Amino acid sequence: MLNKCYRDFPEPWSRAERRKWLIMLVAGTTAVYASRTSVPLLIPAIAKERNWSRTDSGAVLSSFFWGYTLTQVIGGYLADRIGGQKVILFAAVGWSAVTVAMPMIIRLVALDLEFPLVISARIAHGAFQGAHFPGMSSLASKQLSDKDRAAFFSLATSGSAFGTLLTGLFGSFVLERSNWQSVFFVIGALCCSWTLLFYYMCSMDDRCFTPTENAKVPWTTLFRKPAFWSCVFAHACQNNCFFTLLSWLPTYFHDVFPEAKGWIVNMVPWLFTVPCTLIGKWISERLLSRGFSVTATRKSVEAICLLSQSIGLLALEQINSLEGALVCMVLTIGATGFHNSAVVVNPGDLAPKHSGSVFGLMNTVGSIPGFLGVYAAGEILEKTHSWALVFNVTAAVNILGCLLYLKYASGSPIVQ
């Protein structure tokens, strides 16, 4: 049961167990992103009803990442200490509850308290979700062999695309036929259902584990290595692109192409993330099987991600049609899938026994663009009304991250 003491067991998951946990974690990441993307989808409708400015909307969107940044390292540390399953479960209870409560917070509180409470709820939402991916990284590092870990984690993170698609398609459908409150309630119910299933699955698993004997993370060694910082910086650059689009894409299509169907523009760009994740996994495996080093493989796949995104963003300035904008967004957002087979799995290469903690720190820095970049985009739009400037700045950040990763990245262990 969940209250058992954790004991060490050296055997990795069997093939059947690996399949079972993969399905559950993909579903969990789907729920995480369905919950996370609900506010970006609904912000145009909420802002119109509550008379929020672009700066207000930017603050609401970015405040999620204030909390998200705070819990990455502690989430990874706790996952390495007490087990990834516990951390994932406790976090899920929190972010599911906030999702269900959000419409009540927005609608039922006194007007003078509304905005601070919404911001506080978004910070709490981010704080709970901040522990999910470090928990998964730690869990994969404990239960999988080296050759299976990267592919498993890459596939598990593909749920982010499914969750975004779920909100974009089903959420848009509900929004058009009902109201924005209903979207929160439906998605919140799905999230609570997954949390209960995950609790049941954990409680039925008799096998438990402890952290490695050397629980202390050798941060000093890691901090001295350019390979570690190139991984962190590239992740931050890609996240700047991803979080900016995740937060502002519905507003972009609402402003520039108001005649477009919401379910189309909120679904189509994300539809290609899963195939690109699978292609990135396939490319990585092919390169490794042909004798390429882990370092060369990670660099190649990450370059595909960052440069493809930059091309798509820069091309948007020349596009005047809805179809052309969708193609550019498909390229930009779809390329995110390659990131899952490169930088996202790099902490497991650099520090195999401390991947939860290292991933947590990487994602802490990677979350900073979530509030700085998203808020800055709102400020740019408020002052210049220029989407082109937002996209060009984002592309430039991506290119810088790509250059530094190509120069300094490594796939060899820094610490054991």
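From the backbone N, Cα and C atoms, a Cβ is placed for every residue, glycine too.
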Transmembrane segment per TrEMBL - which of 59-80, 301-322
59-80
Sequence-remote partners of the transmembrane segment (182-201) [C-beta within less than 8 Å, at least six residues beyond its ends]
2, 20, 24, 27-28, 31, 34-35, 38, 41-42, 88-89, 92-93, 95-97, 99-103, 166-167, 170-171, 174-175
Which listed stretch (151-175, 358-378, 384-406) has the most C-beta pairs under 8 A with the transmembrane segment (263-283)?
151-175
Looking at the domain 'Major facilitator superfamily (MFS) profile' (21-413) alone, can you tell me the average pLDDT?
88
